[in-house]
Amino acid sequence: MAIERTFSMIKPDATKRNLTGAITKVFEENGLRVVASKRVWMSQKQAETFYAVHKERPFFGELVEFMCSAPTVVQVLEGENAIAKNREVMGATNPAEAAEGTIRKMFAESIGENSVHGSDAAETAAEEIAFWFGGNEIVG
Ligand code: DAT
Ligand code: MG
């Protein structure tokens, strides 16, 4: 297995409920190391650009509005198989379908307000990390 980096966001529903530490602890307990982290209150433009892949979906407006509604914590996580590992630790998009012990099962409020984002592949991980971080902000 290779050491990888992936991009993660702790979403507004979670920052509002003061869950940044609790969620980060789950990453760390699962072998994911936080090598970059900052709190951002994203603009509508940033949210629309970041989620552009979903722009034709019926929930796009709701998604953008939610992501701009409160601060988010953007992070780079590093570890063995970090991209797949993070997706596993996050759980299914819909918390009603998420496995026991996953972040979304424990913390998410709904399919839209689901506490975390994680990159889904190596290519998107690289793009998403570069969207939010300059190289000198990542300290492994
Ligand atoms: P994931 O975040 O698990 O990668 P995704 O990429 O399919 O899921 O969707 C991105 C986000 O969009 C998701 O975290 C929450 C929102 N979303 C997805 N499907 C939705 C739906 N049916 N209704 C409302 N929001 C939805
Ligand atoms: Mg996705």
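Quick reminder: no glycine exception, Cβ is built from N, Cα and C everywhere.
A TrEMBL annotation is a machine prediction, not a hand-curated record.
Annotated in TrEMBL:
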- 3-140: domain 'Nucleoside diphosphate kinase-like' (DOMAIN)
- Lys11, Phe59, Arg87, Thr93, Arg104, Asn114: ATP binding site (BINDING)
- His117: active site, pros-phosphohistidine intermediate (ACT_SITE)
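With a CB cut-off of under 6 A applied against ligand 1, none of the binding-site residues Lys11, Arg87, Arg104 are retained. Long-range Cβ proximity for His117 (active site, pros-phosphohistidine intermediate), meaning a same-chain Cβ under 8 A and a gap of 6 or more residues, is found for Phe7, Ser8, Met9, Lys11. Across the binding-site residues listed here (Thr93, Asn114), the residue whose Cβ sits among the most other Cβ atoms within 10 Å is Asn114. Annotation for Arg104 (ATP binding site): spatial neighbours Met90, Gly91, Ala92, Thr93, Asn94, Pro95, Ala98, Asn114, Ser115, Val116, criterion Cβ-Cβ under 8 Å with sequence separation of six or more.
DSSP classifies Arg87 (ATP binding site) as helix under the three-state reduction. With a cut-off of 8 Å between CB atoms and residues at least 6 apart in sequence, the same chain places Gly112 near Phe59 (ATP binding site), listed in sequence order. Each of the binding-site residues Lys11, Arg87 was assessed for Cβ neighbours inside 10 Å, and the highest tally belongs to Lys11. Secondary structure counts, DSSP: the domain 'Nucleoside diphosphate kinase-like' (3-140) has 64 helix, 28 strand, 46 coil. Maximum intra-site Cα distance, ATP binding residues Lys11, Phe59, Arg87, Thr93, Arg104, Asn114: 21 Å.
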